[in-house]
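What follows is a short report on a single structure.
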Amino acid sequence: MAAEDDNAGPKLLVIAIVMVTLCVLTTTLRCLVRYSRNFLGPDDYIIAAATLVAVGRVIIQCVSVQYGNGRHRQFLSKADYTHVNFLTWLTQLFLFPLLCLLKLSVCLLVLRIKNTKPLRYFLWTVMAGLVVTTLLPDIVLLAECTPVSAYWKSQREKCWDPRVRIYSIYLQTAMSVLTDIICTLLPIAVVWDLTLSLRDKVAVCGLMSLGVISTTFALVRASSLGLMTSDLSWTYCWAAIWGDIEFGTGILGANLALSRTYLDYFRKGVRNLTHRSKSRDAEAGQVYQLGNRGVYDGQMSAQCRRDVEARRGSYARSDESKAPLDPSIIRRVEIHISRTDRSRSGGS
């Protein structure tokens, strides 16, 4: 019996909320920037789906902590312990598809960068193996006990040997680690052949190497699982913590690898705003000058203003219209007015 009522629940809450918040922010930024550039692709849709699954998983975890997830079994009532087991069973069902979607997104991103036939066949084979090994733990979780509720009611006599589920998770972890290594090394090899500066290449490769960190936490998560099923509220809380860090670093690595795209997008936006402000100031000054120079003929001054307003309208229709009003037009107007005055004086 534990000497103290240890509680890992608060740690689970903090880590889960921080990770899912960062995932939501970076995924939203990724999708918005790519949508604005008409560049959304399957990898973006899949990473967005993975983020939504992560949000669902974290919501369930937050509820489970309220029932005592993270505490030892002897400090929980039977009803609370049963409820915690049910909720942690649900979070496991969420975790494996989430990790699968994450890695599928990275593979599809690599194919968007370099889509050669050998690479395409290789990655599609990897993705097929990933889907199969990911579905296996979920199938075992659903079929392990008869009825399914025997799992969270701790009626082990109605369930398979726990080693079946644990070994299926080990197999999933092995495939996940292999995929992480592939999805880390392949983008680095592909990016290194692109026409980028050395600094950009190093930055992108460094961000993609977060997949190696995700692999480390996958191994820790698998090693935290044991064959003992007498204290699941404590044991599986730590497995959930490692799982949250695993998917969090994976999604962050996939999103931040595109950070150069985000920076270019915001730099362009700032330049456009600055240019637009300067252009409007210049046009306002031209209107003032035309008004003063056209005092000889009020009708011509009004026409000049209409010309300037027309120029401003064309700028609004096209952000690429960066040419200010040509000063030579102003000189032509002045010459035209001067000739008109001379013709009138000659006729008199």
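Just so it is clear, glycine is given a Cβ too, placed from its N, Cα and C backbone atoms.
Database features (TrEMBL):
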- 29-263: domain 'Rhodopsin' (DOMAIN)
- 12-33: transmembrane segment (TRANSMEM)
- 45-67: transmembrane segment (TRANSMEM)
- 87-109: transmembrane segment (TRANSMEM)
- 121-143: transmembrane segment (TRANSMEM)
- 169-190: transmembrane segment (TRANSMEM)
- 202-220: transmembrane segment (TRANSMEM)
- 240-258: transmembrane segment (TRANSMEM)
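Against the transmembrane segment (240-258), stretch 12-33 shows more Cβ pairs under 8 Å than any other of 12-33, 45-67, 87-109, 121-143.
Beyond the transmembrane segment (45-67), the same-chain residues lying 6 or more positions past its ends with a Cβ under 8 Å from any Cβ of the stretch are 9-10, 12-13, 16-17, 19-20, 23-24, 27, 30-31, 76, 80, 83-84, 87-88, 90-91, 94-95, 97-98, 101-102, 104-105, 108, 240, 244, 247-248, 251, 254-255. Outside the transmembrane segment (87-109), and at least 6 residues removed from its termini, the chain residues within Cβ reach (under 8 Å) are 41-44, 46-47, 49-50, 53-54, 56-57, 60-61, 63-64, 67, 69, 123, 126-127, 130-131, 134-135, 137-138, 141-142, 151-152, 172, 176, 179-180, 183, 187, 211, 218, 232-233, 236-237, 240, 243, 246-247, 250-251, 254, 257.
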